[in-house]
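**Q** Have a look at the structure that comes next, please.
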Amino acid sequence: MRLLKSNSLLRLVNSYLVDSPQPGNLSYMWNFGSLLAVCLVIQILTGCFLAMHYTAHVDLAFNSVEHIMRDVNNGWLIRYTHANVASFFFIFVYCHIARGLYYGSFKEPRTLTWSIGVIILILMMAIAFLGYVLPFGQMSLWGATVITNLMSAIPVYGQDIVELIWGGFSVSNATLNRFFSLHYILPFLLAALAVAHMIALHVHGSGNPNGLNAGDDRFPMHPYFIFKDLVTIFAFLLVLSIFVCFYPNALGHSDNYIPANPMVTPASIVPEWYLLPFYAILRSIPNKLLGVIAMFGSLLILLVLPLTDLSRVRGNQFRPLMKLSFWFFVVDFIILMWIGAEHPASPYLEVGQIATAFYFAWFVFIVPAVGLFENTMADINKL
């Protein structure tokens, strides 16, 4: 312990992971940060090992993945761990964001922490999309074609941008090389942003379920919260091992086990399940450009939440009306996820349009309206 406080580098680690004061009433909802850190470490390690055996070539990529599965010692374990942890990564991120929305973690003085978190989410989605293309199965090829073609909606320069991304006039060897290079390097940028996220959080410390200033009611990170984090980490590793060993493809898509064929279009082109809500928003708007704007806007709108939440009370713990609207929002997000996996035909198209309208209305109208109503009622009760 003396070394932790005397060494300049270890002293920094000590201030973040050992002696960091945390509110005494933190629930298990505050454990997602440590779970996400574990996921990021697993993804970087397994990704590095996979890159040692992967070949970024349109004629060899699919076979190199099969080589990893069949010939590399424990290659199946590395690949299935990488694929399934990606899904758990997004499960934990969505839960982490939901906790932030519910407990008002986006409000001052933690707005910077929230903003960095939103940037991390967007970067995660980009990395996930790049990785989905690398096995170069049917869904990889056609998913890359459809998603990159969205850039063609940009006026004047759209098609030029698409061809710049492709490195040619279609998804080709140059595209696969670019995607592999970016998929390898961007997780390290993600790790840097995660450190920045933690530094920003460390300035004012964690919030708590009551939304109040914890004051002196704090305990050191170690051993109390470290062991609390270990409970959920071991639970996660247990569930992950069940998926990897018994249901490795439960969260994937069967069409990606068919080699990419530009002459045959799959019956349904869908991204991975964790991108489906935003894919549903994209498809719910008939105009291509407006659909692309709405899809990116559905992520960027999280940045304006600190401005639109006008309530004087932090979080929804003591706000029954806002608590109800929050659960409506969660249901709406699940509906969008369901719609994103369906064909864009009636009645799914109409349901998707209603769900998309509610998604944006929640941020722009419902959150500020409920906040103003609660503030007004509080002022009336004071009279």
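Each Cβ is built from the backbone N, Cα and C atoms, and glycine gets one as well.
Reproduced below are the annotations present in Swiss-Prot:
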type     : residues      : note
BINDING  : HIS82, HIS183 : heme b b562 binding site
BINDING  : HIS96, HIS197 : heme b b566 binding site
BINDING  : HIS202        : ubiquinone binding site
TRANSMEM : 32-52         : transmembrane segment
TRANSMEM : 76-98         : transmembrane segment
TRANSMEM : 113-133       : transmembrane segment
TRANSMEM : 179-199       : transmembrane segment
TRANSMEM : 225-245       : transmembrane segment
TRANSMEM : 289-309       : transmembrane segment
TRANSMEM : 321-341       : transmembrane segment
TRANSMEM : 348-368       : transmembrane segment
**Q** In whole Å, how far does the CA atom of HIS197 (heme b b566 binding site) lie from that of HIS82 (heme b b562 binding site)?
**A** 24
**Q** For the transmembrane segment (225-245), which stretch among 32-52, 113-133, 321-341, 348-368 has the most Cβ pairs under 8 A?
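**A** Comparing 32-52, 113-133, 321-341, 348-368 against the transmembrane segment (225-245), the winner is 32-52.
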**Q** Please report the Cα separation of HIS202 (ubiquinone binding site) and HIS96 (heme b b566 binding site) in Å, rounded to an integer.
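**A** Each residue's Cα considered, HIS202 (ubiquinone binding site) and HIS96 (heme b b566 binding site) end up 17 Å apart.
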**Q** Of the listed stretches (32-52, 113-133, 348-368), which one yields the highest count of Cβ-Cβ distances below 8 Å with the transmembrane segment (76-98)?
**A** 32-52
**Q** Who sits close to HIS96 (heme b b566 binding site): which same-chain residues at least 6 apart have their Cβ under 8 Å from its Cβ?
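**A** Those within reach of HIS96 (heme b b566 binding site), by Cβ under 8 Å and sequence separation of 6 or more, are PHE32, GLY33, LEU36, GLY117.
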**Q** Near the transmembrane segment (321-341), which same-chain residues lie under 8 Å Cβ to Cβ, leaving out any that are not at least 6 residues past its ends?
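**A** For the transmembrane segment (321-341), the far contacts come to 94, 98, 101-102, 270-271, 273, 275-281, 283-284, 311, 348, 351-352, 355-356, 358-359, 362, 366-367, 370-371, 373-374.
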**Q** Assess whether the transmembrane segment (113-133) lies in contact with the transmembrane segment (179-199), where contact requires at least three Cβ pairs under 8 Å among residues 6 or more apart in sequence.
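**A** Contact criterion met.
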**Q** For the transmembrane segment (289-309), could you work out the same-chain residues 6 or more beyond its ends whose Cβ comes under 8 Å from its Cβ atoms?
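**A** 97, 101, 104, 106-108, 111, 114-115, 118, 121-122, 125, 150, 153-155, 277-279, 281-283, 356, 359-360, 363-364, 367-368, 371.
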**Q** Show which residues of the chain containing HIS82 (heme b b562 binding site), separated from it by at least 6 in sequence, have their CB under 8 Å from its CB.
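**A** Long-range Cβ contacts: ILE42, GLN43, THR46, GLY47, LEU50.
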**Q** Go through the chain and flag residues at least 6 beyond the ends of the transmembrane segment (348-368) whose CB is under 8 A from any CB in it; none is fine as an answer.
**A** 280-281, 283-285, 294, 297-298, 301-302, 304-305, 308-310, 322, 325, 328-329, 332-333, 335-336, 339-340, 342
**Q** List nothing but the one residue from HIS183, HIS197, HIS202 whose Cβ has the fewest other Cβ atoms within 10 Å; the candidates are the binding-site residues.
**A** HIS202
